[in-house]
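Taken from TrEMBL, the feature transmembrane segment covers 21-40, 52-72, 84-104, 116-135, 147-167, 179-204, 216-236, 248-267, 279-305, 317-334. Feature annotation from TrEMBL assigns domain 'GGDEF' to 380-513. The domain 'EAL' annotation in TrEMBL covers 522-774.
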Amino acid sequence: MSILERFAPRRLLTPTSPEGVQRVLLILLFGLVVAHAVWLVSAPSEGTSRKLIGNLFFLMPYLVAGILTVQAAQAHRHHLRRAWAYLAAGLLTWAAGQAVFTVLDLRGAPTFPSLADVGFLSLPLLFVVGILHFFRAPPGRLQRLTFVLDVGMLFVTFGSVLWLEYVTTIWQRYAGQPFALLVAISYPFTDLLMIVVAFVLALWSPRESARAYQGLLGLGLLLFLTGSVGYGYLVSQDRYSVGDLIDVTWSGAALLFGLAAHVAQHTRGSLLITARAQAAISGVATVLLHMLPYGALVVSASLALSHHQHDTPAPHLDIGAGIVAVLALFRFLVSELHGERLRQQLRQQVRRDDLTGVLNRRELHAQIPQLVQDALARQQTVAVLFVDLDRFKLVNDTFGHEVGDALLLEASARIAGCIRPSDLLVRVGGDEFVVVLGPLQDTAAVEVVVQRILSRLTQPYTAREQQLMVTASIGIALVPADTRDALQALRFADLAMYQAKQQGRSTHRYYHAAIETESSERFDLEAQLQGALARQEFVLQYQPVVRTAGEAPSSFEALIRWQSHKQGVVSPAQFIPIAEERGLIVEIGQWVLNEALRQLRCWRSGGQAHLTVAVNISAVQFRHDHFAEMVQQTLARHELPGEALTLELTESSLMSDLEASRRVMAQLRALGVRFAMDDFGTGYSSLSYLRHLPVDVLKIDRSFVWSLDEVGVAVVRSIIALAHELQLKVVAEGVETREQLQTLRTLGSDEVQGYLIARPLSAEDAGALINVRPADPVS
């Protein structure tokens, strides 16, 4: 299989398709180079036709190769697009120079030096820039300086050899012609710079150099350099004319450049070698890179000494050896400085968190024992604060880890702004921080700092032009009040933090002895929760929702209950947060939805076609990737319309990502599913958000219903009025007295639920209630 067949696309291509055009150009380029070689071997006779044909064989391959590299630039992005663009510019300027050369040559005008040289000399300079773009720049100024020094040492070393073998000859040829001499010298040295830059980059990035197109580019550069040196030498001897065999090196280089551009688009940067060979080459490249200064010194010094020994001193060799020695010495100094900085960074990395830059867990365990000992010796206090960002996993799942990392960085900066420079701030886990305050004369300052941290952390964060609200839970342990042991203080603060989470998050708790027992019970509860669904320990109860006029229930709210065989009846307030933290809530939520709709289907089949059911949805469940699909499938399974289901969501679950909420709700709204905002007034409490979300029902939190004094009545009246303005139904929760019901009826609440109407009922009791039309409790 030929190289062209190896890298050509396998599917049939039409000549007018982009791939077809590219293939035609590649075949044309290959044909031109073969024809050029055949023509050169045939020893064409002198004359105008030889000049015309010979020059066209230069012009056409570089023009075609330039078009192919333009296509490669268009097919790539970022640094690779810029790399191919520079190569394309180099090839096309070379073609432009060749066009000028052809016109001058056919007219019999001097071709050297001429305007054509501008195009010819532009290629290696543009190629240098392009080659640099193929490789990622070495990180850090010192490494970039080291790279420049490596290039400088090799360039001066081989430049000295080139000067000896080439420049000396052309110096005599162009004596008295400084401009011609400068142009003649520029050819080999610009080409040498191009080769040296490519070689050093290959040593610095051997993996990048092992790609198929890089190998083709490297061969093309070597062939191009051979042609340039040969051309310069023949011109200096007045022996060059268009049609010499040396010409095939240039057209051959154009073929390799064009082929590299084609391969780069169709092999996706595949490697030429196996992983094992790549590792071996990387090792060799590392050795060569370390030996480079020594090699350059040996070669340059040896050249200078050999000429002195033969009584043929060459000042340029002495100068070159001196420059190489200075560059090598400078490189050693830079390498040593870089090594010291790396050692410092390593020491910092051992102590610091990679993301936030604050101290890490290792450093915490190293410093806190001594800090506690010093405080105890002075009879002072140390406070250990365990800070955990609430629902941080939801942020990661919704926005991705990039936004999560940015939030952690901002959170650490906010905490740092709340404490003294002498206090410790440590990141001990994904979204967990430890703050060590001390030594303190008394504990009054602890409360001030804690409140300051909570206040700063609850301020909005901005991500993707969306405001995020993230709260924190803080546990606090005091030394020596709670313990005299530093590590035990950390554990106590951790336990207190978990209690703060259980208390509703966005708060803080101090450690006390009873937490040990509570913590043990929590861990036992977590263990039991793992298999509760499989053991069929969950049941649903149904609380009726009625109109304030006292009609029969029009809907039921499905409420989950856990009847643990070991713990007894466990409140949802206890196990729902644990289920969310342990990733069980999605599976439990699916069971609740399926069971509620199954029961609703039974009631509707019994003649209660008007009944609907409301199901509470956790924020974690709502953010699950396939939530909308799961709801749709469950409705279809029980042959129920979307209008039969109301999903109850809290304000915080909706507002954490308004755009994502709107998207999911729109999917389900298209099915007829209704949405209720639960516990309104306890979260963001912004009715302006409701204008942008397809919410149907507003549920006033029971805390407002239980506080219907003069101020409470005014608040509820305002909520109901604004909700009705937005055409939302209002349901008041937690109604327990007839006075509350009468007030809510007067204020205009559409529906109510609470113990006055009925406590949560079993499915059987709820079914019995459906057929009974209760009297108005107020009458």
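In case you wondered, yes, glycine gets a Cβ from its N, Cα and C as well.
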Checklist entry - Going by DSSP, how much of the domain 'GGDEF' (380-513) is helix, how much is strand and how much is coil, in residues? => result 55 helix, 39 strand, 40 coil
Item to check | Cβ-Cβ under 8 Å with the transmembrane segment (279-305): same-chain residues at least 6 beyond its ends | outcome: 150, 153-154, 156-157, 160-161, 164, 200, 202-204, 206-207, 210, 273, 314, 317-318, 320-321, 324-325, 327-328, 331-332
Checklist entry - Mind checking which residues reach the transmembrane segment (248-267)? Cβ under 8 Å, same chain, six or more beyond either end. => result 3-4, 7-9, 22, 25-26, 29-30, 32-33, 36-37, 40, 57-58, 61-62, 64-65, 68-69, 71-72, 75-76, 80, 84, 87, 91, 211-214, 216-217, 219-221, 223-224, 226-227, 230
Next on the checklist: If contact means at least 3 Cβ pairs within less than 8 Å, sequence distance 6 or more, would you call the transmembrane segment (84-104) and the transmembrane segment (116-135) in contact?
Outcome noted: yes
Checklist entry - Which residues of the same chain, at least 6 past either end of the transmembrane segment (116-135), have a Cβ under 8 Å from a Cβ in it? => result 79-80, 82-87, 89-91, 93-98, 100-101, 104, 183, 186-187, 190-191, 193-194, 197-198, 201, 204-205, 208, 214, 217, 221, 224
Checklist entry - Residues of the same chain, at least six outside the transmembrane segment (21-40), with any C-beta under 8 angstroms of its C-beta? => result 4, 8-9, 13, 15, 53-54, 57, 60-61, 64-65, 67-68, 71, 243-245, 247-248, 251-252, 254-255, 258-259, 262, 265
Checklist entry - What mean pLDDT does the predicted model reach across the domain 'GGDEF' (380-513)? => result 89
